[in-house]
């Protein structure tokens, strides 16, 4: 981290104070995802924050799966999360599952009952909600609140044995139904769920609630700084209450920071799952998705995501980050590393009528104009080439400097060509254009006889590779996740994906999935790992070449 990033990271300052005061000898942080979906860019921010803090202070960072809800969780998500954390460049100190602590949590729940701090409640979910009260009205005590310790122990044991139906009973903490903090109004700490668990199978039919389980997990693992997002700030007193009343030996500290919001991006796992389930996208790794898997398939690099997460900093108030900031960091990374190539994604044939038939020559084109050490690559040139259809207009507007009848342009790395004839089909659509070239104007010869204002790219029609190019726009039209109460599905961009069939120069013949290229004038592209095969080369556009965005 830079000094600016350090000074703005209030969590880092808390850790420094704790270490200086000898409150802790070392720090232990954790990343605790629930395995009920794929990680997204917001989770990446938490991953980077926790692991970088652990690394900076020579501490440890655990990966813990908060798997306390068997109905929504799956091993598919466990494996994808582990893959994503590794891909981002991090190795956890210890791997844990909350479900491995179920026995210990059960013992602590028994302790609360014995202390008169928990009771079994028979109210329905609707009644519990009604009894809870509101922000302006206190709650009402459950008629089951004053059951004896013995009765509560008996009922809780029978809950564990599976004698009761789902939803018929819960275990609640006995705190204060009139507390101004609604989270203190006798929160549920165990519910009945007759469902197989991905890790514990059918051993349990009662499962702890997040507010109860999470502080115990942190305490069991000796976590020193439990870092979470701002929506848990009101839960912190309850977090501390459970640690104290359950008589945990280690006392972790919960610290909240602002979650990541990005323009034109849905960050809710529930909504992302809806996009997948309803077929609006083609899976969790669709390149339009903000999931780590989607960003990886799109072509984002671990370095670009880490740098983005570090640059946005750690704040105490929610804000929204411009999506262009994320794009800035992938451009910055690939500008230095991506090999260059020419590709035509919407091809129009150009015939050079005065170029000898059957002739082919090899031209040398620089790989990176900003880096001479990158060298040059060989590209063939012949009588027939493809150019972009948008690089020709029969009746152009003013200040259009590309090809039109009578105009001359430079072909990148080759010659000047002038348009002399336009060929059309029976519908009046241009099918090819005929040009003449000037052999004296070859690039690299030092020709200065005249200048042209336009340079366009091309590929040799006799030596190129067919390819599919997938061009992406934001999946969400509006700048915020919810706009004036609109359902987010009403904001889906119908033009978020455009598929083009074109050609790329032969230097890409050995391209492998996840290889990245800068395609001249088009942007940065990634070879798609899902759709690419030996006879079908598919490129995802990661980002365009330029943006008006300026990093402050």
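For all residues, glycine too, the Cβ spot is worked out from N, Cα and C.
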In Swiss-Prot, which of 11-21, 22-32, 33-43 is labelled motif ''HIGH' region'?
-> 33-43
The annotated motif ''KMSKS' region' range in Swiss-Prot, which must be one of 261-265, 266-270, 271-275 = 266-270
Secondary structure of the motif ''HIGH' region' (33-43) by DSSP, residue by residue, totals 3 helix, 1 strand, 7 coil
Same-chain residue ranges lying at least 6 outside the motif ''HIGH' region' (33-43) that approach it to Cβ under 8 Å | 65-69, 72-75, 77-78, 80-81, 84-85, 198, 259-260, 262, 265, 267, 269, 272-273, 284-285, 289-293, 295, 305, 326
How many neighbouring Cβ atoms, not counting its own, are there within 10 Å of the Cβ of residue 41 (ATP binding site)?
-> 23
According to DSSP, residue 260 (ATP binding site) sits in strand
Compute the average pLDDT of the predicted model within the motif ''HIGH' region' (33-43).
-> 94
In all the protein chains shown, the tally of other Cβ atoms within 10 Å of the Cβ of residue 268 (ATP binding site) is 14
In angstrom units, rounded to an integer, how far apart are the Cα atoms of residue 229 (ATP binding site) and residue 66 (L-glutamine binding site)?
-> 15
Tally every other Cβ atom lying within 10 Å of the Cβ atom of residue 45 (ATP binding site).
-> 23
